[in-house]
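Reviewing the structure listed below.
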Amino acid sequence: MFQNKKKKIVISNVLEDVHPKDNSNFLSHFFFCWQLQTLFKVSKNRNVDDKFTVPVEAQESRQLGEKFENTWNRNKNPSLMKTLVKMFGLEFALCGLIYSIPELLSTFLQPVYLGKLLEYFLHETPTSQNQAFVYGLIIVTSVVLRVLSFQFYMMEAYSIGLKVRTACSSLIYRKLLRFKILTKQKIALGQLINMLSNDVEKYEFATGFFHRMWIAVLKLAIGTTLLSLSSGLKGVAGIAVLGLIIFFQCFVYKTAATLRTQIVKERDTRLSLMNAIIFRMQAIKMYVWEKPFAQLVQAARKAELDHISKQSYIFNENFTFFFYVNKISIYVFILLLIVSGTPLDPKVVFMTMNIYNLLILAVKDLMIGAIPLSEIKVSTGRIQKFLFLDEDHDENPETNLGDYRIVARKVAAKWDPLGDVGLTNIDFKLRRGELVALVGAIGSGKSSLIYTILKELPISSGTLSSEGLISYAPQTPWVVPGTIRDNITFGERFDNQKYLKVLRMCALEHDISRLPHGDNTLVGERGTSLSGGQKARVSLARAVYKDADIYLLDDPLAAVDASVAQTIFTHCFLNHLKNKSIILVTHQLKFLKNVDRIYVLEDGKIKDCGKYEALAEVSLQNESRMSQIPETKLEKYTKQSEVKEDVGNSTTNTYKTYLFLGKPKLFIYLQLFLFVTSQAFLNGSDVFLSFWINFKGPSSANEYNRLYIYSGFVLVAALLYHFTSWSSTKCCKQSSIKLHDTLFNKILHCSMKFFSDHDSGRIINRVSRDMAIVDEYVPIYMYQTIRLLCVLLGVCCVVIVMNYYVIFPTVILWVIFCYYLRNFQPGLNSLKKIAVTRKSPLFTHVVATMEGLTTIKALKAQTHCLSKFEDHQNRYNSIGYLYQALYHAFNFWIDFACMLYIAVVFLCLIIVKQDGLVGNVGLSITETLLLIASVQATMKFYNDLDLQMISVERVAEYGDLIVEEDEGTLIPPPSWPSAGQIQFQSLSMRYSPE
């Protein structure tokens with residue numbers, strides 16, 4: 001946390017070797033100075049996608065992942081939470097200690113010296129103006145210390161949360177790389193994506209609240225003590241209201257935890273369906289399955305949204321209490337004073353009001369912090385359950401098999417421990433330098449035997465031994481998103497001579513020469529479309545490029561035409577790999593004449609074994625002859641994909657689109673009117689109370705009349721607050737429904753070109769992370785932001801009404817706010833948008849890993865894939881941390897402007913002494929002291945909302961997708977489908993309009 005790396009400062013067009021944070025010293029970091037230069041640069045030039053790619057040294061993914069994995073493995077009974085505490089606990093505790101001291105001092109100093117300052121205006125004691133200045137200085141200093149410690153703490157807490165997220169993500173991916181194929185079948189891809197997109201990110205948000213919660217408990221103790229000393233039991237009685245709120249919170253968060261579990265479950269179901277749709281869209285369109293799949297998704301979506309809606313209503317209504325509960329507490333205090341016949345003492349009233357304001361902030365920290373911590377509990381349980389799944393243990397003892405590479409004796413294996421046996425009584429041998437063919441009908445057990453040799457399919461009885469390195473080409477060709485060269489070398493050291501030879505052996509030279517960028521052409525998602533045969537040959541080339549002793553080739557020639565297959569078989573298998581041991585699965589009997597031995601499988605058993613001549617008349621004549629699948633050649637390759645990741649743009653139009661989606665404009669205008677009116681009644685109660693205190697009349701029945709008016713203000717404000725919360729949530733729910741339905745319908749009915757131009761990671765990111773933000777966070781942040789803006793305006797209006805001469809500094813303060821927001825907020829948003837785009841490649845990489853996991857393990861390419869994953873994490877961490885650093889620097893300097901404003905208000909109140917209007921002074925001071933907390937909350941929620949609206953824009957963008965034309969409804973004759981016929985007349989097709 002206090003590291004000072006002495007490296008050259010590099011803030012240039014391209015940041016290559018160091019993150020700006022690593023160039024700063026502690027003071028520069030504590031006072032948010034190192035961010036200023038970068039903040040101005042980012043604000044002037046928002047196109048910084050390639051400028052920040054190096055993470056902070058302490059946040060590097062590889063070192064965090066290795067250290068976290070070692071810590072996890074050292075535990076006899078691993079616990080994810082205990083492992084996190086061991087690795088990050090000390091740093092986190094020190095961070096909390098630094099934060100706690102100014103917070104607790106401020107809670108004590110503010111009300112005590114506020115009371116002393118008010119004595120100056122009451123003339124109760126001979127307090128001089130100089131003493132008043134000292135008291136004001138102490139109050140302002142406590143505010144300054146709190147601001148400094150708060151922003152620094154939140155920055156450091158985020159840094160720790162980022163490291164926790166990085167370490168957990170790395171551990172999850174490392175676990176994935178050790179999965180057996182049976183284990184992989186136990187977890188849906190949607191569930192894994194949900195863990196990496198939602199669960200691990202909870203740590204980033206939750207770390208900032210832990211220390212704030214226990215500090216809040218101490219604040220409550222200090223505040224209660226001060227209340228009992230200053231106002232007696234009447235003051236303490238107001239805390240009973242806070243106690244009721246805390247009691248209510250217990251119910252809220254218990255319900256929220258239950259709802260969260262249900263939401264995650266339903267979302268996993270929806271994302272699994274969406275993943276299946278995205279990856280099987282060709283089949284869905286081929287069989288016209290859009291409607292059945294749409295019904296499945298709609299059912300899952302309805303179940304998910306029902307739980308999300310309940311959660312949103314509960315959270316917003318819960319947050320609403322915190323906006324006015326301090327008014328209820330002071331109301332109870334005033335009520336007890338009037339009922340007991342005690343006169344309203346300005347000093348006691350405003351000290352009590354200030355303490356209540358501080359206590360409600362403490363209760364808010366305590367309660368709001370419980371939300372992410374409850375979510376952390378759920379997420380930690382999900383991640384830990386994933387980490388406890390079965391995995392490989394790298395048990396590869398050295399075996400000397402003499403003349404053999406593989407020896408299997410009486411092997412039995414099955415896919416399901418409770419199901420039928422997949423392989424039975426297998427006796428199999430592979431000699432050194434031998435070419436063996438496996439033949440048999442579909443489902444006879446050929447691939448199962450390959451998986452057993454790869455140790456993916458567990459052996460239930462018998463023994464299987466192998467000696468030497470293994471290379472593998474899967475039955476279904478697997479192409480990694482990337483260049484053709486990367487696909488073939490796949491982490492192996494590049495040898496140009498060897499590489500060119502492999503291209504010749506696998507008949508790829510001609511195909512690559514036709515590509516626009518040669519072997520640097522991108523293939524896979526967002527890359528050039530390859531035919532099935534080309535994919536098969538790239539997959540085979542990857543296996544052949546690896547130097548191995550044993551090559552397991554699972555039907556690699558099935559998708560290539562006859563001449564190409566013969567070339568590969570002759571030049572690659574018989575010549576290039578002539579000294580290697582090869583197991584070739586094939587349905588093409590013409591190649592069997594040239595193999596050394598043939599194994600014929602049937603129903604999981606070896607039916608026969610021998611040379612072609614001995615088996616040709618008996619065993620082979622009845623075997624399935626799979627039709628040769630001619631290779632589909634590309635008439636014209638699509639251009640290298642230059643589809644740019646859309647990051648969205650949270651402009652005014654985005655807000656209009658979201659708010660007015662599916663609703664009349666009058667509804668929105670009425671909603672805004674409710675916000676303003678409810679705030680006016682709440683601030684009106686404070687203004688009325690100050691006038692009441694200024695009134696010098698005797699205590700009589702008039703006091704009760706004033707109490708009735710005061711009660712009316714508070715009651716109407718509370719009712720309007722809750723009604724506004726309910727209507728706002730309902731408004732956002734309608735927008736969310738409309739956005740999702742449009743998104744899904746467009747994806748389901750758009751052309752296949754869309755799926756060629758957009759990788760699955762980007763699409764999944766929209767339907768998972770972006771849609772989750774639209775559903776869960778936008779309704780909360782929208783309500784909170786509008787409400788806080790009303791609160792902030794209310795504070796300034798009250799201060800101006802009470803003291804008209806502070807209107808000038810108030811206007812200057814708002815000019816500074818507008819200047820900051822106009823000049824720096826867009827730059828911050830651009831960084832966040834880049835962070836969003838850098839998340840998509842990580843998801844794409846995880847999806848590719850899940851698909852090709854068996855190949856990755858067979859080729860021992862786990863280190864290569866892990867390195868790619870860590871690169872994606874580092875790029876994301878670099879820009880993510882920079883954004884947070886600039887964001888907190890931005891807030892710090894806004895807080896600094898607020899501190900100056902508070903100092904000016906105190907100075908004006910002391911100099912322009914208002915005799916007889918102590919109510920005005922007391923209310924001005926208490927409201928002004930709320931200013932920084934209000935500004936901090938407003939800026940936080942506005943910034944967060946602005947960022948969440950990026951997801952709204954990203955989801956809404958898919959509403960502009962061009963869907964396939966509906967050619968109308970064709971009503972078949974009554975005799976249909978008695979006969980089928982397809983006719984082509986002068987048909988021409990191409991992959992792309994370009």
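Even glycines carry a Cβ here, placed using N, Cα and C.
TrEMBL entries are annotated by machine, without manual review.
Listed features, source TrEMBL:
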- 96-367: domain 'ABC transmembrane type-1' (DOMAIN)
- 406-628: domain 'ABC transporter' (DOMAIN)
- 672-947: domain 'ABC transmembrane type-1' (DOMAIN)
- 83-101: transmembrane segment (TRANSMEM)
- 132-153: transmembrane segment (TRANSMEM)
- 209-229: transmembrane segment (TRANSMEM)
- 235-253: transmembrane segment (TRANSMEM)
- 319-341: transmembrane segment (TRANSMEM)
- 353-373: transmembrane segment (TRANSMEM)
- 666-695: transmembrane segment (TRANSMEM)
- 707-724: transmembrane segment (TRANSMEM)
- 789-822: transmembrane segment (TRANSMEM)
- 892-912: transmembrane segment (TRANSMEM)
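Here the domain 'ABC transporter' (406-628) returns a mean pLDDT of 87 for the predicted model. Taking Cβ pairs closer than 8 Å, the transmembrane segment (789-822) reaches residues 323, 675-676, 678-680, 682-683, 686-687, 690, 890, 893-894, 897-898, 901, 904-905, 908-909, 912, 914, 920-921, 923-924, 927-928, 930-931, 934-935, 938, 942 in its own chain, all 6 or more past its ends. Counting Cβ pairs under 8 Å that are 6 or more residues apart, the transmembrane segment (132-153) and the transmembrane segment (892-912) reach 3 or more and are in contact. Taking Cβ pairs closer than 8 Å, the transmembrane segment (83-101) reaches residues 1, 67-68, 71-72, 75, 149-150, 152-153, 156-157, 160, 163-164, 167, 207, 210-212, 214-215, 218 in its own chain, all 6 or more past its ends. Highest Cβ pair count under 8 Å relative to the transmembrane segment (319-341), across stretches 666-695, 707-724, 892-912: 707-724.
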